[in-house]
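*Asks:* Have a look at this one.
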Amino acid sequence: MAGTDTVKAQVRLRFRNTSGTRMSCVRNLQVTKKKGGGLTMKTLEGVLGIDDDAADPQARASISTRCAELDQEMASLLGVSHAILENVLFCHQEESNWPLSEPAILKKRFDEIFEVSRYTKALDSIRALRKQRAQDARVDEAELRALQNEKERAENIRATIRTLEASLSAKKNERDDLDAAIQRKTTENQQLYDDATRFREVVNQAEMLEEKIALCEEHKASLLSRMTLLAMPDSELQDELTALPTQLETQHARLSHVRSNMQVYVDKRSSAAEEHERLVRRHAELETAERTRQRVLQATAKELRTFGSDISSAPTKAQFDACSTMCEASLREKLQEHEIKAEQHQRAADELESQALTEYEHLETRLRDLKSQREHTGASLQRLHERIMSCENQLARQASTTSVCELDKARERLAELGSVSLPDVQEAMEHLATLEAERDAIATSFVDSQQDTKHVARQEELASKLPVLRERENLWRQMCVERLGHVPKNLEEELEQAEHVLDQSQAQLLKASEQVVQWATTVDVYQDVLSRSEKLCSSLRVAKQTLLGDFASVDAGLVTVQEEIQVLQESLFLLEHASAFFERIQHHAHARHMCLACNRDISSSQLQSVDAHIEETRQRKQPEKVAVLEQDLDAWNRQLSNLYAARAIEKQLREQQEPELSRLVAQLEDAKKCHQDAEGERDRSSGATASAVARVKTLRSLQVPMYRLVDLRLDVQLLKRQLDSIASTSASATTSNASPESLKALSQEIHAQQAHCHELREQCDQHRNRVREAERHVHALEMQLMTEQQHAAATQTAHQRLEEYMADAKDLEKQRETLTFTINELTQPLSEAQKHLEDTRRERREQEERYKEKRSDLEQQLAKLAGMVQRVSSAWDEAEADGGTLVSCSIELDRAAQALQHTQKEAERATQDTYALETAIHDVRAREANLQDNMRYRQVLRELEHVTAELNKLDLEAAHMRHKRASSAYDAARREENELSGRAAHIRGEIQGIEAELQRREAELRHDYKDISNRYMRQLVHIKVAGMANHDLDIYCGALQQAILQYHAIKMEEVNQTLDYLWKKTYQGTDIDSISIRSDTEGRVSANGLRSYQYRVCMVKDAVELDMRGRCSAGQKVLACILIRLALADSFGGSCGFMALDEPTANLDRENVEGLAASLIEYV
């Protein structure tokens, strides 16, 4: 990063994918220097492209990290999983020893290699899909049942429709027959009716004439009762009647003119009366304001006298201003003197507190310094005691005696071991390699014979495992019968169902518990709210009763109080403002005989009582009575306010609190009932949960024996398949011509040579161990001798230091005692100084509080004085503004009274003129009505003569007889026709009902049961197909689970075979015959039914198997990890033809390095 802030790098990898196409992967990196001096690295865009001339030029050539994940694409192209890439093919040296790491890390790596999470997710997805489909199947079955019911109802509706159609056809035929009969009968009746009508015309005409005669007689009598009969010719009567409307029109015009004038006068009178009333109210308001100002001024003067001012009860404005200014100056002078005294006291208190604080701090500082010195002295003394004890312990230790002769003997022994010559192990190893090569050449011709040997071994193993399998099956059935009462067909399904029932029970229990807690909280809340509401209602009732006083109810009290207030207000109004008004009322009553207030007529006999009432009212206008009435009015107003408050409380109780209280009581009862129900449900759910837990525990206890039984069955099946495979291979193999004796002899020679090499290695190892032991013994003697020499020198130095430490310790002890005595002497003066400081501060606070209280009193008096000045100034201003207004208001009031009298006179005159015109118009109308009645009377007489003549011409008796005979015949025929029509109408009603029912059924069939047969068939087919699919999912899930277990077993066997071959081929030592990877289930099974394996690397020596972790050397560890990775790469990375080894020869001796190289050459 010298000279630049950014450095970019690029890494390229060229490889061939699984299809043989050459690919190129480029990754770009960037390192940037930070401002603070650090470095930061980030990955730039990477590119993965095709780098092959034989590829299709039109195909997509490359992708980048913007559109794909290069790690996933690389794993896909290389044909291996990401775990194989990270843990097997490409593995850093620091992480290459993971096969011999901790069990948890090893399990994690192998789970990633076997992609356990992927298969687990696949099984979980299948099981979830199966569970969801099972739920959907139940829903579909319910829907099918519903569709079947609808189909049956549709069939019933169709049968009903067929029945209704048949009934409708029969009813229509009957209706047609009745219609034909009615038509014939109607024609016959029409002929009879026509005959009866001709006979009835005469009767009707006679009846009509008789009715006309009766009406004429009645009209004649009515006219005679209300008219005056005139003996005038018709022409004169008509002329006079024609002239009357013109006369009426003239009178109406005059009346309209007079009424319009009268309305103007009445409006003027009303306006004058309103103006008069307004001025009366204004005059009363001004007088009331004047009295209020006088009271304010008197009260203010009284308060000023409390400040020591000599002012009269009715001062002028100048006197009041002078007195208020003098009082304010006096108060401000007192306040200033008080502040000066407070400041002086503050300074004196500050000086006293400062002196006391200085003395206290001086003593506290001195005491703190002395304690610090004493602590420092104690610490120094403690360190000296520790050093003294160290020196004493050092002197107490006795030096061991190590002789120089013993060291010389050890060195001679080491020289003798170094001169011993070792056997030539390399020559023996080369001879062994030659024999193994010869054996490998011959071994290819004896594969079939080895297969036979394997066949015999597998048969023996199978024969040994079959009895164990039967025994475990019987034992498992017995356990199932004892614990469950039956042998389950599928333990996993029963466990899943039991867990599902347990989940439901736990969910119900949790829900029920939550409901219990929730309802308990609700009950507590309701009880709290109810108690608060009851307390509030009680307090409101007490407050209402207090406000009511002696009244029985609010409404009665309001009526009484309002009446009293109204009476008092009227009395006050009359006493204060009604003198002139009563004079005008009295004058108007005598002049016009009418009350000015209510416009009621007053007779001459009533004038005396009116005068007495007015005089009595005038006598009541006295100051003492006014004051008493004002006090009574104030008291009744307060009582009215109390009653309104009581009404508000009563309304609140009636509309809010009492309904709320009833609602709360009902809610509390409901909540208690729900709480009891929730507790019962919780107890039931608890019992169901306990039963479900016991069943799940029983089923889970049977899982481990079942899994062991399944493992044993799988082993037996695997052995049977291996036997079948070996048998088929042996049947198809050709016969070898090689000699078994030569191969056996060669094998024995190889074993002998291996034993010889092993003995030579053991001899070399023993010699090396003896040399190392001798070297360690010599080094230990040399170190011991050097330590003894150093100890002797340190002992002399320790004596000198011990004497010095003892002297220093005595001095420090004396110094600490002196400091302790001084500290004890200072404790009493410090306590006294602290007490003096606290007393000084307390006195200062008390004095400050007293000064603050006095200052507050003075400030309150100043504020009170300012408020009085402001009120009096406002009163004077209002008095100046209203002074002229009262006089002008009195003048305007007199003018308004005069105007009111004038308008009343004009209104009375207009009223009299209107009455006269209305009387004249009434007389003209009466004359007109009488003339019209005479005209109608003469017309009625002429009509009566004409009708009587026509009636006398008719033969009523003969017409009546003919009419009677025709009516009797027509009535009988009409009854027959009505019976037929009734029957026809009844049948038509039945037809309409049948048609309506038929339409309703057809509409129901069209809308509610539309296409029901097809829907039912589709749903039935869907359920059948879904059932078969669910069955296939169960089979597939079980097959996938078994396939995963078999795949794991096959791959582990394959890896162990490869690992055994590589170890025997590579490892040159004889302490470990072979290594293998063991996967143990330990009875643990995951939630999805798969086994949870624990992995470990084992080493075998003479058929004894031990865990390799922690029991092998560094070289063996490195070699085992490399070979395990090679075996895993051979099994899982067959399509990927490369593997990276990072410094594989670290910690390996020469023999193992050469063996690894040979194995790699052969492997590649």
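Here the Cβ of each residue, glycine as well, is placed from N, Cα and C on the backbone.
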*Asks:* Please identify the range among 66-121, 626-681, 1018-1073 that TrEMBL labels coiled coil.
*Replies:* 626-681
*Asks:* When you get a sec, could you say which of 12-39, 488-515 is annotated coiled coil by TrEMBL?
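*Replies:* From TrEMBL, the annotated coiled coil range turns out to be 488-515.
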*Asks:* Given 137-188, 241-292, which one carries TrEMBL's coiled coil label?
*Replies:* 137-188
*Asks:* Do we see three or more Cβ pairs under 8 Å linking the coiled coil (137-188) and the coiled coil (937-1015), pairs being at least 6 apart in sequence?
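*Replies:* Between the coiled coil (137-188) and the coiled coil (937-1015), contact is present.
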*Asks:* Can you give the mean pLDDT for the domain 'Rad50/SbcC-type AAA' (6-165), rounded to a whole number?
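*Replies:* Across the domain 'Rad50/SbcC-type AAA' (6-165), the average pLDDT comes out at 83.
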*Asks:* Would you mind listing the long-range same-chain contacts of the compositional bias 'Basic and acidic residues' (833-856), meaning Cβ under 8 Å and 6+ residues beyond its ends?
*Replies:* 335, 338-339, 341-342, 345-346, 349, 352-353, 356-357, 359-360, 363
*Asks:* Could you tell me what the rest of the chain brings near the coiled coil (488-515), counting residues at least six beyond its ends with Cβ under 8 Å?
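*Replies:* Sequence-distant neighbours of the coiled coil (488-515): 480, 674, 678, 681-682, 684-686, 688-689, 691-693, 695-696, 699-700, 702-703, 706, 1089.
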